[in-house]
Structures are given as C-alpha cells and as structure tokens.
Amino acid sequence: LFSIVLQSSNSLKASYEDWLLTYGLSVSPFHMRWQTALFNRQFYNWGRWKPRFLYLWFSVGMVFGIVAMFGSVILLGKTLMQTLTQMLTEAPKAQNDRMLQVVVMCFVLLSCPHQQVPGVNLPVSQLTYFFSAILISGVIHEVGHGVAAIREQVRFNGFGIFIFIVYPGAFVDLFTTHLQLISPIQQLRIFCAGVWHNFVLGVASLVVLLLLPAILFPFYYTGVGALVTEVAEDSPANGPRGLFVGDLVTNLQDCPVYSVEDWNSCLGDISEKSQVGYCISAATLQQLSFPARVYRRLDGTVECCSNNSLTDICFSYSNNLDNHLHACLPARKVIEASRICRTNMDCQKDSVPSVCVTPSLENQTRLIRVKHPPHIDMLYVGHPMHLQYTVSLSSFVPRQNFLSIDLPVVIETFCKYLISLSGALAVINAVPCFALDGQWILNSFLEATLSSLIVEKPNRELVGFLVLLAGSALLAANVALGLWMVTAR
C-alpha cells in the first residue's frame, strides 16, 4: 500500500512539474515567475526597427550608464557621510528628508525589496500606485535590455514576470554564449540599456507631471484654490462646520491658497511662526468676555476657559499699561470680520479703539481660519500638520460637474511614483555591486578600457572583483543605516 501511495505521489508531482513547465511557470519559496516566448516576435520587430536610430539610442544609453555607474558611487558615498554625520550629531532631519534618503537606497527590488514596507512607511491607500510603478519600471528596464540585445545580434529566448514575496518585477532570457562572443562595447550597450530606459521613463513622467495643467486644460482649470478630494473620518476638519469633498479652499489665515503647494506652504509657515492675533474693539471685548478662572498649563501657557467649552477660547492681550490680560471669548464672534494682527499697533488703523487679542493655546497648537467660500469659515484648533495629513486636496477644478475630481490626482500621484521608483531603479542598478546591472557594466567597461594596460585577464577580473566588493559594501552600509534612521527614530 505504501508503495502504491508513493508511486501515485511521484506521478502527481511529475504531472504538476510538467504542467508548470508547459506554461512557463516556476514556483519556489517566496518566489514565483512566468516566462513566455509569446512576445519574441514583438521584441524582434522592435530590435530591427530603424537600426541606425537604435544604434545612436543605445550608444547614448551606454554613455549614460557609465556616467551613472560613477555617479551612483559618488551619490551613495555622499549619502553615507550625511547619515553618519547625522547619527553622530544626534540632529535628526525632517521626516521627508529621511524618506527621500531611503528612497535612493531601498528600491533594489531584487536584493532589498523588504525595505519599503506597505502599511508601515507606505500608505495602504497608495499600494496600487506603488506596485504598478514597480512593475512598469521593471518591464521598461527589461525591454531596454531585450531590444538592445536583439540590436547587437544576441539571441532572445523569452520575456517573463516574477513576484518576490509581494513585489513584482520582470526579466529577459538572453543566450549567454552570444553575450560572451560580442565585443565589450556591444555588451555595454546591452547592459546599460536598462538604466537608460528607466532614466528616460522618469524624465517622461516628469514632463507629463509638469505639463499636466496644460494637458488637462480643456477639462480642468487651476490657480483658483485647493479642491478638497477627501477628508479622513478621524480628521479634526471633519464635521458640520468643517471641510467637505468638493470644497475649494482659498485662504489659510491671511495666506492665499491657489494650489496644493500653497496649502502645504501656508501650513508650514503657520506651524513655524507664532500664533497670529485678531483686532477687536475694546467695547466688543468688554461685551463678549465673562469672568473665568485663570490657570497655567504644564507647558507654561495660560488657560481661562472651561475645559468643556466647544466654542470659547482663552485670548491674551495687553492694555495701555502693557499688562498681560486674559479673556474667555467666543472664537467665531472674535474672528469673523476681524483683521489679523501681531501687536496693538496693527489695530490703530481702526476708527474705534481696538486691541490685538491672541489665542492662548498649548505649544504647537494653532487656531487657523480656513476660507472655503461660499461656506462659512472653518475654525481649526490643533497642530497644523494634522490638518495637512488628514485632508487630501487637488489643484485641478473640473470645468463640468460630471468630470471626476480624482482623475488629476491619480495621474499626478502615479507620475510621482514612476519618477521616484524608475529613477531609483536606474541609480541603484548602476551601482557596481554583485547581482546588479552595475556588475556587468563594470566588467565590460574594464574589458573595453584596461585591455592594453592590464594584459592578463585574471588581473583585470581581480580589479573588477575588488571594485564590486567595495561597491557592494557601500550599498549595504547605506541600506542598513537608512533603515535604522527610519525605524529606530
């Protein structure tokens, strides 16, 4: 019975392996790939299209790849020094700077795909953009290798797609013997084609991003404000007198908003500068204020309103004797139709005696007046960055109601991901490091330039090995320290 079961198991295993082989599938722990010859004819058509143009195209790509190889080493060296300096001085950079630092190091896709963690340092809502951009960048990269190989008379066996854990990628299967027989210059055109195509894809995405207002001009207009596309449920801007999808924000305090960039810039300025005040007449101040107990918070700021109040805020001001006084006032009545001020001198233009009252709030907390006509102004109390993180906006306003307000945001976001990931893939793959394109670029470059200086091939290979060892160590150090900077702080 055991023998029958064993034979049946072996038969099923053989049938399963034959089925995988028939459809070009390969499955192993954490890795699955699919290879096909269905696209071979298309690749050969591309590789034989305008031979003179392709020769110039991949020759430019060869020069770019060599420059990128040296440039990537300089870039990683500079990044490593900056990271070490930052660690020694214990002066952490802004989160955006740290994330930018890791973007350059973490998209090696094959060698370190675990460094950009979906749901941890990548918003779950943008996973589709992330994986789509990775796949497209990888496909364009491999198309470059494949077309260049056919142009240089190297046999093309097939094209495939793989998934490593959850990260997609692409590859081409070339006949190795043909690669070894062609000249080092021809090899360089093939090996540099991947990073060259990634660079071109990044530049093309950047051009689309910059020209997007002109491209979408017949359907969307810009320069009139920031259109609200989403408000998170837990956002402090969510509520009956908050922001709603479709609202057009035109001002934050006295800072005009014409685009999303202005929105971010205004919030940054509000966060860095001290809280502004509001001009109010002495008579109105006396009429609106009411007796309240004054006490100091733990951070040294003063509170003079009941903790249960949802409409009143403690304001501080100075009288003619320069005494610091406090009054609990209804925020909306104070702010509506009031001019922004810093000192009492700013309120002297009023025909009636006025003082500058400033909200007495906890450190980093701000009272912000958000204008989104024709609705009543939203009054926001909290950290400005919370408003920035929980409200999504677009600079594009539809000309017709049936047009989607999300389409420009989708195009914009996808272009940004393509620029980031395709550019990072080009930079990283150019590094002279084992298992990356930089390894083969370096070897071919040394064969093309050092053959007359170092006659013995084993000696040239030794030089290449030492350079690859140094490049691999440099990349590994950047990746390790970059991860530490993101996760440990």
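Including glycine, each Cβ sits where the backbone N, Cα and C put it.
Summarising the annotation, TrEMBL assigns domain 'Peptidase M50' to 129-457. In this model, the domain 'Peptidase M50' (129-457) carries an average pLDDT of 91.
As annotated by TrEMBL, transmembrane segment applies to 54-77 (among others).
Marked as transmembrane segment by TrEMBL: 129-149 (among others).
Residues of the same chain lying 6 or more positions beyond the ends of the transmembrane segment (156-175) and with a Cβ under 8 Å from any Cβ of it are 24, 30-37, 39-40, 43-44, 47, 109-110, 113-114, 118, 131, 134-135, 138-139, 141-143, 145-146, 149-150, 190. Per TrEMBL, transmembrane segment is recorded for 156-175 (among others).
For the transmembrane segment (195-217), the residues of the chain that approach it from at least six positions outside its boundaries are 58, 60-62, 64-65, 68, 136-137, 140-141, 143-144, 395-396, 408, 411-412, 415-416, 418-419, 422-423, 425-427, 429-430, 437, judged by C-beta separation under 8 angstroms. The transmembrane segment annotation in TrEMBL covers 195-217 (among others).
The transmembrane segment annotation in TrEMBL covers 417-442 (among others).
Positions annotated as transmembrane segment by TrEMBL: 462-486 (among others).
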Per Cβ pairs under 8 Å, the stretch of 54-77, 129-149, 462-486 packing most closely against the transmembrane segment (417-442): 54-77
